[in-house]
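Data first, discussion second: the structure below is written as structure tokens.
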Amino acid sequence: MKKLLLIATGGTIASERTEFGLSPRTNPREILNHIPQAGGLAEIDVKQVLNIDSTNIEPEHWLMISNVIEENYDRYHGFIITHGTDTLAYTASALSYLIQNGNKPIILTGSQKPITDPITDGKKNLLDSIRYALQEGVRGVYIVFDGKAIIGTRAKKLRSKSYSAFDSINYPVAAFIDGDRVLRYVGEGLQDEEVKFYRELNPKVFLLKLIPGMEPSIFDYISENYDATVVESYGVGGLPFNDRRNFKEALKKVTERGKIIVIATQVMLEGSDAATYEVGYDIINNYNVLQAYDMTVEAAVTKLMWILGFTKDFKEVKELFYKNINNDIFV
């Protein structure tokens, strides 16, 4: 029987109802006790790393989780991580960069209702995660939620309350899980490289949502405190350049100081293509500015944290940012 390690970090799946609202209290062994049939599927050990609401997740916690996986990598067939839903997509993306060329499944899951509730999605999501992790040839980081397996760099939370909380953005769902049936749609290529664990992240990445009336001087503050900014711009990508609020001068100033700017889009599907319009063409072609193309914002942010952990050289950042890692980007 295959061995799995259940790594618990808290979240709704581990929460109990208190007078102050839901709070993570349930330990991983108690969580497993709610799905006794799991014992017939695999030998499952447990480890409590955190027991917090995922709103409190920080980049330092991603390194903790990655370190636990690294320490136990040779002992288990795969890993299941229970986690809150609010930052689950960020954690899945971060682990996709911290753990590369892996040949084992790393499955993140959670729930919209505590597993201790009479009616909960936690039992199904956890069982589905176990079943998917036991499939032959599954490798890399995934979110399994509401019967779907989603590649870690492509997941986004779309619904705040419904069970169908996550979907795959600009990439097919990897598999559907229906009871004992697992229908796989995206195969994994053969991995001939050794797994690589990274141990550094630079959290000084800012996410800026562009709105009408925003002053370009916002970049002055951001550049004093952060090394990179992901700008959620409009449509296929671009920044205002009229006389009153001309972002070009601001971009020139911060990029000449060695800061990294990435143009993304507020539109969820189909990604950016900033050179399509005049408002984007100039900044992409004449400034040291990158664009996210079809990446999720969660992947763009965490990828920059990973890259800036070991280089701030623009040419090196550009090369790594545009490199396809775990199906995160297609340029």
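If you go along the chain as it appears here, the first residue is 1 and each next one adds 1.
Glycine too: its Cβ is placed from the backbone N, Cα and C atoms.
Sequence annotations record features per position, and here TrEMBL assigns domain 'L-asparaginase N-terminal' to 3-182.
Counted within 10 Å of its Cβ, the other Cβ atoms near Thr12 (active site, O-isoaspartyl threonine intermediate) come to 24, all protein chains included. What TrEMBL records for Thr12 is active site, O-isoaspartyl threonine intermediate.
DSSP classifies Thr12 (active site, O-isoaspartyl threonine intermediate) as helix under the three-state reduction. What TrEMBL records for Thr12 (among others) is active site.
TrEMBL lists Ser54, Thr85, Asp86 with the feature substrate binding site. There are 21 other Cβ atoms within 10 Å of the Cβ belonging to Ser54 (substrate binding site). Ser54 (substrate binding site) falls within a helix when secondary structure is assigned with DSSP.
Within its own chain, Thr85 (substrate binding site) has Gly11, Thr12, Ser54, Gly110, Ser111, Gln112, Phe145, Lys157, Ala165, Phe166 as residues 6 or more apart in sequence whose C-beta sits under 8 angstroms from its own. Residues annotated as active site in TrEMBL: Thr85 (among others).
Positions annotated as domain 'Asparaginase/glutaminase C-terminal' by TrEMBL: 204-321.
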8 Å Cβ shell about Ser54, Thr85, Asp86 centroid, substrate site members excluded: Gly11, Thr12, Asp53, Thr55, Ile57, His83, Gly84, Thr87, Leu88, Gly110, Lys157
Structural state of Thr85 (substrate binding site), classified by DSSP into three states: coil
